[in-house]
């Protein structure tokens, strides 16, 4: 007797509890008798019809190689699976009279599953044992034909491989953690806010409540500060301590992205996507700083991965509903870390209701309910502390910034355009810029996939890409926004490659070659980024602590220097010549690039005046800030300049 079995026996569709159709989660029960086919046998995308010519589309010729006799046509009851013991009559596993299936006990189910496993070909056994549960065509994460073709290579156990990927990603982030990326103003601000939370306060900066961003990332920072006793460190040292936490979270993000890709693409493509995320220079830079985007993206990817788990193995109705709420809570952790993640979470979920019924409204409702819980708890705590007015004011200010009404951050400087910045950074982040441009188009190419998982990733790509286009056109784009887009683009582009390869097999080879070239370029740029020396402020601090007199008076001209070095006796934020003279400044610390672009506290003209009238006593160069210079002032020259009206005004709109 042949060991072949029609694939329809293991891909029986089940009605959704949420209203049926392709958009709902199938009620899949492991061990359920497979002979109960309440209608025409449904085939998921990619499942071929029964092989061989026949007079009826549902039959094979008797005696054909690999045949087991006639196969029931669609609309009829599938014959029972023959037992493993040869010669014995087949037990009635299929429907009995009245069309109702036989009820089997737990032992009977286990025996039936064991017999069925013995009858399945090896490739199909791997698919059933290791792959996602059988789903309807509307809720499949990957076409079953792809599973059959790739076998264990795509859907085998891969947690050891995931751990190895995470280790490589972590090592890359730890290399050059202190020297590869100079201090950034936001991470200095976030470190101080995290320290305030570690002391038992609501987010606070410089004695005032800070609610522009929610508390999620600051809670993680506070826990890390408390665990390792970092609270008494100077701000600069605290930043470098917290960078370890961000590096760990960044490595976890790469692992989650790999696991997510494993749900929707073959292993080689998933490995390529993980390599790009591990080595991408833009992602590496953000994962090496104390930023909000890394933990927010980590929670987002974790929630999508959990949602895919619910879709592939829903379990009972009650457990599925609870798990969907739990998925929403994890999404909520991303929202309570960074508000902008709403464009990678809630917007795609809502679109999934209407776009090809990818998800049901009931599912999205339960997920959304869980998503608002963490933020609701945060708002309640703020209200109980009497800070709801401050919270509302700052949130409205953030909305105005997002709408482009108030441009106090982002690419708003008049001395340099967004295009100029992109061209200047092309040699460092060229592959990252390609991913930024691909996100929207890869999403548009994936939303038409038959597999639910791929469609969901396409919707995420479209939502993220459209938000990036809007932010750039409205003047609300900030450099760190690119982190979300790059991470999403890697996942969606990998999914688009797999989808295009399935639809056009002839394109698999050229797509593979192009992807390999891109991965190689990313590896080169990533290694170069980690070996770059870009630590102007730590070098300047080390020099000033050893070379300057203890009572030296030093003027700061930018927000990074102000947050990194102040408060300190004799040092101050004195960006104008008048303030330098009035405070008896003897030295000035400048960062060339931020001042030239209009992002400093002093006007760009201060550099020209210092070059003509002061002496540089320390200079170091890096890609972030250009030349970081300590200038020695001549008191007489400074007095004469102020007296003659040569004062350089401060920049009132500095970030």
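Glycine is treated like the rest: Cβ placed from N, Cα and C.
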Suppose you had to name the range TrEMBL annotates as transmembrane segment; which of 132-151, 392-411, 512-531, 532-551 would you pick? 512-531
Range annotated as transmembrane segment - as stated in TrEMBL, picked from 77-107, 325-355, 573-603: 325-355
Can you say which of 33-50, 51-68, 177-194, 267-284 is given as transmembrane segment in TrEMBL? 267-284
Segment proximity, the transmembrane segment (429-449) to the transmembrane segment (367-386), 3 or more C-beta pairs under 8 Å: no
Maximum Cβ pairs under 8 Å to the transmembrane segment (325-355) among 242-261, 429-449, 456-475, 512-531 is reached by 456-475
Report, as numbers and ranges, every residue of the chain located at least six residues beyond the transmembrane segment (481-500) whose Cβ falls under 8 Å of a Cβ in that stretch; write 'none' if there are none. 146, 253, 257, 260-261, 264-266, 269-270, 272-273, 276-277, 280, 282-283, 286, 291, 293-294, 296-297, 301, 340-341, 343-344, 432, 435-436, 438-439, 442-443, 445-446, 449, 454, 457-458, 460-461, 464-465, 468, 471, 507, 511, 515
Looking at the stretches 210-230, 242-261, 267-284, 429-449, 456-475, which one shares the most CB pairs under 8 Å with the transmembrane segment (296-313)? 242-261
Same chain only, please: residues at least 6 beyond the ends of the transmembrane segment (210-230) with a C-beta under 8 Å from a C-beta of the stretch. Say none if there are none. 190-191, 193-198, 202-204, 237-238, 241-242, 244-245, 249, 290, 292, 295-296, 299, 333-339, 374-375, 378, 382, 387, 390-391, 394-395, 397-398
State the residues, same chain only, that lie 6 or more residues beyond the ends of the transmembrane segment (242-261) and have a CB under 8 A from a CB inside it; answer 'none' if no residue qualifies. 162-163, 165-167, 169-170, 173-174, 177-178, 187, 191, 194, 220-221, 224-225, 230, 269-271, 273-274, 277-278, 283-284, 286-291, 294-295, 297-298, 301-302, 304-305, 308, 487, 490-491, 494-495
